[in-house]
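A.B. asks: Sharing a structure here in structure tokens format.
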Amino acid sequence: MRISYQWLQEYIDLGSDMTPERLAELLTAHGIPVEVIEPMNKGISGVVVGHVLEVHPHPNADRLRVCIVDIGEAEKLQIVCGAANVASGQKVPCATIGAHVFDRHTGESMKIKRSKLRGVESQGMLCSADEIGLDTKLLPKAQTEGLYLLPEDSPVGEDITTLLGLSDVSLELELTPNRADCLSFRGVAYEVAAILGKKLKFNEEDDTISFTDEKSPVTVRIESDQCTHYAAQVVRGVKIGPSPLWLQMRLLAVGVRPINNVVDVTNYVMFEYGQPLHAFDLSQVSEQTIIVRQAREGETLITLDGQERHLDPSMLVIADTKRAIGLAGVMGGENSEVRENTVDIVLESAYFDPASTRNTGKRLGLRSEAQMRFEKGVDRAVIRPALIRAAQMIAELCGGERVGSPVEVIQEEVHPLTVTLRLSRINDMLGTSLDEQKVESVLERLHFTYNQLDNARWEVNVPTRRGDISREIDLIEEVARLYGYDKIPTTMPEGVITQGLLTEEQKLRRMIRSLLIGAGLTEVYTYTLTNPSWLEALRLDSDSSLLRQVPLMMPMSEERKVLRTTMLPALAEVALYNVKRKNTNVALFEIGKIYVPKSLPIRELPEERYVVAGFLSGAYGIESVGEKTRSVDFFTVKGIVEHLLQGIGVENPRYEQVHRPGMHPGRTAVIKVNDYEVGMIGGLHPDVEEAWDLPESYYFELDFLSLVQSRDPQVTVKPLPKFPAVERDVAILVKDEVPAGALVDTIWREGSGLIEEVKLFDVYRGEQVPAGMKSIAYSIVYRSDERTLTDEEVNERHEAVIAALEKEHGAELR
């Protein structure tokens, strides 16, 4: 945002002791950085308004003219001029002897001296625009060719820097995206007034001045939710022409090219209020009806830059009853452009959705001052005042009159936001000890109204122009800015430093991680988001808890749109990734969270459960000399789980065969400790393996909280046994469906405290075993802590075990 120092002073009295440099320091110190300070006068002096009285041919040069020029002094000057457009009666910049101007060819400063040109004395120089330091890129082409012609009413002899406002200084502000309020002179004036504690000099527009009693001929319709406020004002009988010199120079000071009086007024008011405006030729608006709608498929529009634009329904346009006449908030259309012969115009002032404006500009490759303001969000409170201001200026400068009051359509009313501010919170956040009076002073300087509440609290009404303030912390930032960052004391953070310790849960997770890595598994980290299609292969019941997945409202992709309820799909996805790359031996684990909703649809946050999950496939172990790997089976995975449980202090786990959807019916079991389920283990169902394109695979999942509750963290130490052990083997035939765990439970129970260890060492199914039966063999170790057991005691106990197995499980001794 580029501002003019002199223009700013129309809204606030900066005082004689203020300078542009000092103002820049103050703005920067209060959060509005000033990047560049640039004087309009690039170094010219001694240039005045000259009145060309006579023009004569040069006696010795066809392209030169000898001019007699009046500069307000008794003696007229004779100046030799080579400009093709020089003529008597003109008023032009005249550089007198000793003046400093710019060489139009080199751009360097040069001093005017008395000289002779082809034998004729010249007492100065008549100047072009670039010779007096004007930016010719911003001037109309006619003003850049030859002499720079001044208005006829320019006072003869007046210093050109005064006439053109070249004593002004421009300041380039580097605004952050949230400070859209400072994209106008009124907004900057609010900021400067708050910094300096001075009053503003705003002249609010009178809605009753200079308009006819007749009803406005324009009709406005809004047919899109991307425009919530549209106002139109007809001005009749305007005369299009150049703007007054003061208006042109104001626009040049902020880097805008003057075009004609109507367009220049809309630009002037945009910089004044921050509200973009646009003027349409009313005679080109079909049925004098303005419609705000989405563009139609295949619709085209030639914009003011002469380019044909191909539109789509995502773009918002201004249209009449037949066609689009402008891109809303971006650029007008050539078909409704204000031209030299335009007589009646309709002015537009509106609020367009920032995202819609940004989308249109980006898709069409357009960028403008108006679009930038709409993108950041304009203050809807100034839509009508800015329109009235522009209509009044056009009536004054272009000879027209307003027809009726503005026609407005308002889809959504906007009111100031109310935010509660606490003194205690301010001092806590800033480390200050401000009192109520200082805080209220800041609010008043910002022109924020407020209501005093109890206990040093305020209910602050935030003006609509400050869209960057919506929370208490935003108001605290304003207090800090206006109080002065340099006044805020530098303090060290206060707090009690405590030694960091791991919780018991964190220690257990580290222990589990270490045990599983030691068992040859690789830890992975997977997404907590997954695709519900992974669960389709499991053929779950419709009421399965695994299907109660929490959906994301705006997922990044279809592959990551629900929170997982089990680790199985995530680990299977990693395994599949490896298998497809010929890494067929997979042994993975993860310690992570699953998410179980308390209700669907979601009314509160889901329950987050830590689980320990593992996935194995292919061969297990490391092949070395004399040792080979073996294929993963149920007992491989069961051994890993038992190793884990024993390592963390979970004793006497029991395995009970179950049927789970998606799991192998004969190779799946739940793990129980003290009759409480802590997890499951099993092989994938062949149909699931086929659906997921995986080889034979096994999976286990343990509930972390159940492990915490089931483990005994105390390590029990006992002395080495003093008495010898006696080992007996037993091989029996049982039905195939009898679980091995049930047999072990019977053996332990009948051992009556004399059994030290029960170890399964053989399971056989084959030709020598009847169909539907299996041969299973256990090694039983007997030992007493008090005495040496006799053969009779061991035999008696062993026979009791066999009898119990026969009675309870129909076992046959082999």
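Note: Cβ is positioned from N, Cα and C throughout, glycine not excepted.
Sharing the record's features from TrEMBL:
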- 41-161: domain 'TRNA-binding' (DOMAIN)
- 414-490: domain 'B5' (DOMAIN)
- Asp468, Asp474, Glu477, Glu478: Mg(2+) binding site (BINDING)
- 721-814: domain 'FDX-ACB' (DOMAIN)
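Could you tell me the structural context for the features on the list?
C.D. replies: In this structure, Glu477 (Mg(2+) binding site) is part of a helix by DSSP.
Note on the domain 'FDX-ACB' (721-814): mean pLDDT across this stretch is 89.
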A.B. asks: If you count other Cβ atoms within 10 Å of each one's Cβ, which of the binding-site residues Asp468, Asp474, Glu477, Glu478 has the most?
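C.D. replies: Of the binding-site residues Asp468, Asp474, Glu477, Glu478, the highest Cβ count within 10 Å belongs to Glu478.
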A.B. asks: What are the other residues, in sequence order, whose C-beta lies within 8 angstroms of the center of the C-beta atoms of Asp468, Asp474, Glu477, Glu478 at the Mg(2+) site?
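C.D. replies: Near the Mg(2+) site, the remaining chain residues are Arg466, Ile469, Ile473, Leu475, Ile476, Arg481.
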A.B. asks: Please work out the helix, strand and coil residue numbers for the domain 'B5' (414-490) from the DSSP assignment.
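C.D. replies: Tallying H, G and I as helix, E and B as strand, the rest coil: 33 helix, 17 strand, 27 coil.
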A.B. asks: Using DSSP, what's the helix, strand and coil tally for the domain 'FDX-ACB' (721-814)?
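C.D. replies: Here the numbers are 31 helix, 32 strand, 31 coil.
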A.B. asks: For the domain 'TRNA-binding' (41-161), give the DSSP counts of helix residues, strand residues and coil residues.
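C.D. replies: Its residues fall into 11 helix, 55 strand, 55 coil.
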